[in-house]
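K.L.:
Right, I'll just put the structure down here and ask away after.
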Amino acid sequence: MLSYLSLFLLIFDLAIPPVKFIGSAPFSLVISLSVLLVVNRKLKLKSQVKKFTAPFFIFYLVIMCFAVFRILFSGELDYFLSISKSLVIFTSATFYLLTFGCDRINDRLINIFFVNGIVCLVAGSFPAILDIVYIFKSGMREVGFIPYRNAFLAGSGYFGMASAYAVIILLCAHKLIKDGLSVSFAIKFLVILIAGVLAGRTVFVGIAISFIYIMSQSVKYTGLGVLLVAGLVAIILSVDALSVYSGWMFEFISFDGDSVALSRTSSTDELYKMYFMPPNDSTWLWGDGRYVDGAGYYMHTDAGYMRNLFFGGLPFVIAVIAYACLFAFKSKSFFFTLFFLPLAFALHYKGAFILNNPAGVPILTLLAFWFYYEKIKKLKAGIV
């Protein structure tokens, strides 16, 4: 039970009163350390975790030194605070592995996203429960928005949750191929799909990559995938509580007589505007040292690569890409490299997913280590 509580706090970045600004990863760290000191008193997988995480801690040290240097010229502390939070989350993920190990971490992740999917469906349908959920969010409750999109028990919603669900949907596809189908897993997968779509249309990127993976592995499960997606669409279109949102969810699909085609959406139009040439040539070299502008994003862009570019220039963008590639390299997994890594790059194109996403950092850490450790076990068993 403590392993699930610690994992939930680690992934979903709840804004817990009265210290909402620190997120919930420090609470996960406290649980892990308490279990280590009181119960286990012994580190799990010490040598493997140390070998896996050491390059990342070196990376964080270099990035934080660069951030401090850059701040000396710009005077803006926001990115330093963001990267510091990322380091705390990564450290919390490290101690989670040292305390609870990584056995069936894929199932643990799927289970907590299933639970939060249920929370989303219930809280989005009942305003009284949504009020309780908002106690653990950092922002004020918005009026006139789609309630399900931000009804998760998490510090944030929208892109933050949609991107996380996109990754977990791909993880579900991997489990489907490797472990087969059961009734309980089918229910979890369907709830995760529904919750992911409700969180944001970004999740369709994860669904598309998952479908490509399934098609490359199994004809049988390709058919099942079609049925799951069809079931998801049918549920969204048939449930009265969701009918008012179906136009928004499937805005990217246009019908012209008997033909169906992809069309531009308000989101894609906005994303297109997020990418533009920086006004100053020096921005390419070492950025503007800016990450935010008052209450909004610097230069009015929330696209991940652009935000990195404006803070530290093209070298910093390359460093962020290298950070993601390091997960793939350390995972020693073709699946992670061929599917999770491109998904991470695609998500970062939309918003800040790599390095500064409170859910993205621990998910990538735990999954990369899980693949890494599974590879080690197979090597020791002589399977590979």
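In case you wondered, yes, glycine gets a Cβ from its N, Cα and C as well.
Straight from TrEMBL, here's the annotation block:
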- 20-40: transmembrane segment (TRANSMEM)
- 52-73: transmembrane segment (TRANSMEM)
- 79-98: transmembrane segment (TRANSMEM)
- 110-136: transmembrane segment (TRANSMEM)
- 156-177: transmembrane segment (TRANSMEM)
- 189-215: transmembrane segment (TRANSMEM)
- 221-245: transmembrane segment (TRANSMEM)
- 309-329: transmembrane segment (TRANSMEM)
- 349-373: transmembrane segment (TRANSMEM)
K.L.:
Residues sitting near the transmembrane segment (156-177): Cβ under 8 Å, six or more positions beyond its termini, same chain?
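P.N.:
Here the qualifying positions are 11, 13, 106-107, 109-110, 113, 137-139, 149-150, 185, 188-189, 192-193, 195-196, 199-203, 205-207, 209-211, 213-214, 217-218, 221, 224-225, 302, 335, 339-340, 343-344, 347, 350-351, 353, 357-360, 363-364, 367.
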K.L.:
Taking contact to mean three or more C-beta pairs under 8 angstroms, with sequence separation of 6 or more, is the transmembrane segment (349-373) in contact with the transmembrane segment (110-136)?
P.N.:
no
K.L.:
So if I exclude everything within five residues of the ends of the transmembrane segment (20-40), which remaining residues of that chain have a CB under 8 angstroms from its CBs? That is, six or more out.
P.N.:
2, 5-7, 9-10, 12-14, 85, 88-89, 91-92, 95-96, 98-100, 138, 155, 358, 362
K.L.:
Cβ under 8 Å, sequence separation of at least 6 from the ends of the transmembrane segment (309-329): give me the contacting residues as numbers and ranges.
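P.N.:
55-56, 59, 62-63, 66-67, 70, 79, 278, 283-291, 298-299, 301, 336-337, 340-341, 344-345, 348, 354-355, 364-365, 368.
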K.L.:
List, by number or range, the same-chain residues at least 6 past the transmembrane segment (189-215) whose CB is under 8 A from its CB atoms?
P.N.:
110, 113-114, 116-118, 120-121, 124, 146, 148-149, 151-152, 157-159, 161-163, 165-170, 172-174, 176-177, 221-222, 225, 228-229, 231-232, 235-236, 242, 245, 249, 251-252, 265, 267, 335, 339, 342-343, 346-347, 350-351
K.L.:
Below 8 angstroms Cβ to Cβ, which residues of this chain, lying six or more residues outside the transmembrane segment (110-136), approach it?
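P.N.:
Same-chain contacts beyond the flanks: 4, 7-8, 11-12, 14-17, 147-148, 151-155, 164-165, 168, 171-172, 175, 188, 191-192, 194-196, 198-199, 241.
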